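Here's the structure we're looking at; comments come further down.
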Amino acid sequence: MLVPEDDRLDEEKMLSVAKKLWIVGFFFLPWVWLINVLFFLPYRKTINEKIKWYLKFSLIGFFVYTSIFMAWMGIFLVNRNSWGERGDYLSVVIPFD
Amino acid sequence: MSNDLNMDNIETPEPHSSIIDNNENNNSNNNNLIDNNNNNNENNTNIINNESVTLEKKEIDIPVNNNNNNTNNNNIENEKNLVNEFEDSTQSDYSDEYDTVIPPVPVRYLNNNNNNVVININKIDKNKSDLLSEDRSDFQDSVDEELTIPEIQDYSDMVVSILIPVTITMIILVATIRAINNKASWVSLTPLVTYEVDKDSSSENMVFSSIINSLIFLGIIILSTVIMVVLYRFRFMKALYGWMMGTSILLLGVFGGFLFIVVMSYLNLSLDYISFLFILWNFVFGGVICIFWYAPKYLNQTYLISVSVLMALSFSRLPEWTTWAILAIVSIYDIFAVLCPAGPLQLLIKTAKKRGEAIPAMIYNASVTIGMAEYQKEESSPSPPPPLPKNLVKDTDAPHLKDTFFNESPTVFEKNIDDKHSEISDDFSAVKAPKGGKLRLGLGDFVFYGVLISRAAFYEMATVFTCYVAIITGLFLTLFLLTVLKRALPALPMSIGLGILFYFLTYRFLIPFITFLGEAQVFI
């Protein structure tokens, strides 16, 4: 909605979009980085190297954040019982065993 | 519809109708009529039946630039030379009625082979003058863009492109409600309901409190709509977008988080606060970007669907009779808001058209193409791929409908030529006349369809199916009327009316019948 109706993406605008989404992604937002990549996927043959740089590091950042998150989830799920009270304290949903 | 669509009258010039025939460039005759009929016979034998024919011949209002009839004739002769690329269509009456000069509109035919499109320039009643004047701005804005004329395939694509998101919304809602048997977690009500309605309470009390509840609900809808219209009218755009963003964030965050926890409990999976916050933070922030900013179109549509699902889920927890009363009253209000000249939605759409802006509202944009496709199209082939599916309302320059948190009631479908993304419109969605553009459906429509279907899902699966068929039937009827009337239409009344009717018919007759058959071991 904040995008004007007759919006046409030129190189400059694409660069600024990629850059803004890339910056935003640092706030623990790998999903935004993925959106950044997905958004430019159809343009991949026309975009220039600068934009590609942001997209590349968006993708890398996405995988880094995601792997960290996945590692945490794995650790939590494996160790929740052994952590005892602290594990319950961290839990939103405690499954019935 | 002023013009005759019948095939027989093709050659005869009718005073008010100008029909442009794509197939044969026989336009040398002075008639404004161009016939597509010959092609129809040839091309569409099996596929196009009577219904399709009517669709094909949907008339498209095209603001015509020509001041004189003479120019028209000249233009028509020139068409031979231009060979389907551009046509300046003009209407003789048009110039007389309207002093304004409209720049010629280049018309590019999607498919030269298909001559299904009849362009009716003349049919402009004085009554519709308002619409025309509104349309002009759109056209002027879009002059530089291709003006594509919808064909029958495009139209069916549009219908399907609306049907799919509505169906997805309903499937998610029904699955959620049927899956979560623990009604206790659903008991919490919205603060909108003042009267608790128990099953024990007397019928008199039940009717009274249901009506009071629904009127409160309606009052909030009207209030938020009016605020939105006022904000838009006086160009408090930052406040407007801030409001819509705030409601989107709250909706996605609060209800999304709630639903997430409920689903995780249902699946008996463990969830910790860190993961929960991380996922929710990503979901909400990504949602804001997808809905309001640059994002792939399918993600935009996905988020719009999820917004309407969350909204409908929260409303589905209202007491049963309050839900019915709300649905009925909101449908009636939808008619008023969209069709009445002073209706808030009508004002919103008019204002947006005047300014040539998108409707500041949450709208599902149903166009057939994928977001990026525009960019590629320009470079590549002149034959345009199907228009991008966006919100249910087709938009080009056309307005978008908004859904705000409470505003979601009425529905309007709009078709526009262009579309950028779905937009959040305040309250209602309107269906708009097709200009070859896209069909847009307000999120409010999705929400109230969803409320109806989830209320049906609380009872039986049989009612779910009958209500689904009824809602879809109403939706298609509305779309059909849209092609005929070519203006924004309320999408709620027919669908919700049929849905309520079919629910109670099923409840009262079909289910006892099936039960009886089952007990008596009768197989049909």
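Even glycines carry a Cβ here, placed using N, Cα and C.
Feature list (source: TrEMBL):
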COMPBIAS  B:17-46  compositional bias 'Low complexity'
REGION    B:1-46  region 'Disordered'
TRANSMEM  B:159-180  transmembrane segment
TRANSMEM  B:211-231  transmembrane segment
TRANSMEM  B:243-267  transmembrane segment
TRANSMEM  B:273-295  transmembrane segment
TRANSMEM  B:302-318  transmembrane segment
TRANSMEM  B:324-345  transmembrane segment
TRANSMEM  B:463-484  transmembrane segment
TRANSMEM  B:496-518  transmembrane segment
Taking the transmembrane segment (B:302-318) as the first stretch and the transmembrane segment (B:496-518) as the second, find out whether 3 or more Cβ pairs fall under 8 Å, excluding pairs closer than 6 in sequence.
no
Listed stretch, out of B:159-180, B:211-231, B:243-267, B:324-345, B:463-484, that has the most CB pairs under 8 angstroms to the transmembrane segment (B:273-295):
B:243-267
Spell out yes or no: are there three or more C-beta pairs under 8 angstroms between the transmembrane segment (B:159-180) and the transmembrane segment (B:243-267), with each pair 6 or more apart in sequence?
yes
